[in-house]
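The domain 'Photolyase/cryptochrome alpha/beta' annotation in Swiss-Prot covers 3-132. Summarising the annotation, Swiss-Prot assigns motif 'LIR 1' to 50-54. Taken from Swiss-Prot, the feature phosphoserine covers S71, S247, S280, S569, and the record attributes it to similarity to another entry. Sequence annotations record features per position, and here Swiss-Prot assigns motif 'LIR 6' to 285-290 based on similarity to another entry. If you look up Swiss-Prot, you'll see 335-339 marked as motif 'LIR 7'. Swiss-Prot lists 379-384 with the feature motif 'LIR 8'. According to Swiss-Prot, the region 'Interaction with TIMELESS' annotation covers 471-493, on the basis of similarity to another entry. The motif 'LIR 12' annotation in Swiss-Prot covers 486-491 and is backed by similarity to another entry. Among the features that Swiss-Prot reports, region 'Disordered' is placed at 554-587.
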Amino acid sequence: MGVNAVHWFRKGLRLHDNPALKECIQGADTIRCVYILDPWFAGSSNVGINRWRFLLQCLEDLDANLRKLNSRLLVIRGQPADVFPRLFKEWNITKLSIEYDSEPFGKERDAAIKKLATEAGVEVIVRISHTLYDLDKIIELNGGQPPLTYKRFQTLISKMEPLEIPVETITSEVIEKCTTPLSDDHDEKYGVPSLEELGFDTDGLSSAVWPGGETEALTRLERHLERRAWVANFERPRMNANSLLASPTGLSPYLRFGCLSCRLFYFKLTDLYKKVKKNSSPPLSLYGQLLWREFFYTAATNNPRFDKMEGNPICVQIPWDKNPEALAKWAEGRTGFPWIDAIMTQLRQEGWIHHLARHAVACFLTGSDLWISWEEGMKVFEELLLDADWSINAGSWMWLSCSSFFQQFFHCYCPVGFGRRTDPNGDYIRRYLPVLRGFPAKYIYDPWNAPEGIQKVAKCLIGVNYPKPMVNHAEASRLNIERMKQIYQQLSRYRGLGLLASVPSNPNGNGGLMGYTPGENIPNCSSSGSCSQGSGILHYAHGDSQQAHLLKQGSSSMGHGLSNGKRPSQEEDTQSIGPKVQRQSTN
């Protein structure tokens with residue numbers, strides 16, 4: 001009997017830098033590449049049509065690239081635990097390869113499949129390629145706990161072995177004599193389904209702004225690297241109106257689905273930097289979003305409650321309000337704040353928004369204006385974002401709601417001033433909220449302040465054609481910052497730089513604007529919500545070592561006062577980061 005191999009695609013939807021697939025092919029007589037699609041999951045999961053379309057395009061592109069190698073992708077309907085025992089027998093499988101999945105659900109699923117494979121006498125190959133590092137080694141290096149500050153994470157990875165370079169792309173030379181048995185009815189049995197087959201109504205669906213697939217990902221990577229000046233000077237692009245629109249060099253959805261290898265991206269950046277900088281070593285900051293991605297993956301890998309507040313040992317237990325009506329207005333872009341509504345409209349239409357736009361709407365939903373749980377916002381992003389990733393999505397929402405990783409709760413974005421500073425003319429608003437197109441720039445961010453005559457000329461009456469603001473931002477943010485301050489004052493084991501003592505008694509005294517970037521002057525929101533230029537921002541730079549040492553489960557456990565406010569020593573900073581609590585049972 002020959003060696004019959006199966007590679008199971010989940011993420012990692014690519015032929016470049018795919019070590020599990022490459023090893024599976026070696027020594028095999030036949031290779032079948034499968035993707036398992038659960039039809040029930042397609043109809044019931046919290047995933048919107050844009051992300052499903054992106055996934056199906058990824059699968060179509062993967063199938064097209066496999067065809068060039070005289071192979072095909074086999075899309076199989078069912079659940080893995082039901083599908084594999086049948087395939088092992090039907091195809092006489094002797095070898096199965098998978099990319100390592102670091103998320104708790106994925107680890108549990110893969111453990112079950114490995115058990116079934118072992119019982120069937122099938123060898124299982126598991127290789128890491130969705131992350132840069134072996135996350136378990138990072139945790140081991142940190143004494144068995146995930147690092148909960150980015151500074152500590154950077155310290156740990158600086159001690160790791162150098163990254164392995166990407167493996168060679170799967171080509172006809174790599175496959176050699178390894179063949180894929182194909183049937184005449186392949187497309188009927190194993191073809192990539194359409195959105196309609198999955199039950200989606202595609203009437204009115206606009207063309208994809210982000211085409212899925214490895215081919216597109218590699219094209220975008222080359223465009224991204226053409227920005228040699230950015231790499232040479234390592235300047236973060238300045239935020240402007242064009243930044244808010246989808247870029248032909250954007251990569252985040254491709255990294256999320258594994259159409260693009262994070263290692264390939266890392267080494268391409270490194271090589272280009274060394275060419276431009278004449279072989280000098282690149283700073284860690286060059287890899288920005290790649291390392292934040294690793295940070296959140298590491299924090300989440302052993303925490304199945306990472307996407308929940310309750311039972312999550314690293315999450316502050318905040319008594320958020322339940323307000324389904326307000327949540328719906330936020331999610332559907334009906335808040336009455338054009339900046340917020342334009343962002344949520346772009347998200348729903350295209351499946352992507354700029355990272356600072358994500359910050360703005362997350363702040364508005366949680367600690368700044370609506371006081372609604374980050375879990376609710378996370379679910380909306382999970383549905384609508386192309387690049388929604390369990391670990392990163394949950395981690396980002398905990399961070400932006402000051403529930404973990406970051407506790408500078410007296411920062412919030414003005415839903416008028418931040419947009420006006422970014423795009424003074426309001427072109428972004430006009431693009432996604434055409435109902436407001438007729439307003440002059442002076443009023444487009446706060447149209448409720450426009451005189452009635454201007455509203456009539458714009459053919460948009462506030463409260464009739466476009467909603468009035470759902471909250472008074474200045475008042476809501478002042479009250480919510482005070483609520484957050486009181487919660488943090490109750491945390492029994494907070495260790496920082498006397499952070500709470502430095503919060504002004506009226507942190508919103510400048511009218512509702514809390515700054516995000518130190519050293520800038522940005523528009524000030526008045527109590528009416530209008531903006532005026534020139535107010536300074538409040539910014540307290542407390543360094544990474546203030547990660548709160550989070551507490552027992554539930555608000556009832558909040559304890560007995562603050563720390564002494566002294567800065568931790570450098571030794572404490574590097575050795576004592578992370579929660580000192582036992583994980584609660586999830587039963």
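Glycine too: its Cβ is placed from the backbone N, Cα and C atoms.
Features as recorded by Swiss-Prot, highlighted on the structure.
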| residue | record | Cβ neighbours (10 Å) |
| --- | --- | --- |
| S71 | phosphoserine | 24 |
| S247 | phosphoserine | 16 |
| S280 | phosphoserine | 9 |
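Each residue in the motif 'LIR 6' (285-290) gets a DSSP state, and the totals come to 6 helix, 0 strand, 0 coil. On the backbone, the CA of S280 (phosphoserine) and the CA of S71 (phosphoserine) stand 43 Å apart. In this model, the domain 'Photolyase/cryptochrome alpha/beta' (3-132) carries an average pLDDT of 96. Nonlocal intrachain contacts for the motif 'LIR 6' (285-290), taken as residues 6+ away from its ends with a CB within less than 8 angstroms of a stretch CB, comprise 132, 231, 234, 252, 255, 262, 265-266, 269-270, 273. Using a Cβ-Cβ cut-off under 8 Å and counting only residues 6 or more beyond its ends in the same chain, the motif 'LIR 8' (379-384) has close neighbours at 46-48, 50-51, 330-331, 347-348, 351, 358, 390, 393, 397. In this structure, the C-alpha atom of S71 (phosphoserine) lies 33 angstrom from that of S247 (phosphoserine).
Helix, strand and coil counts under DSSP for the region 'Interaction with TIMELESS' (471-493) come to 18 helix, 0 strand, 5 coil. The DSSP breakdown of the motif 'LIR 7' (335-339), given as helix, strand and coil counts, is 2 helix, 0 strand, 3 coil. The DSSP breakdown of the domain 'Photolyase/cryptochrome alpha/beta' (3-132) into helical (H, G, I), extended (E, B) and coil residues amounts to 59 helix, 29 strand, 42 coil.
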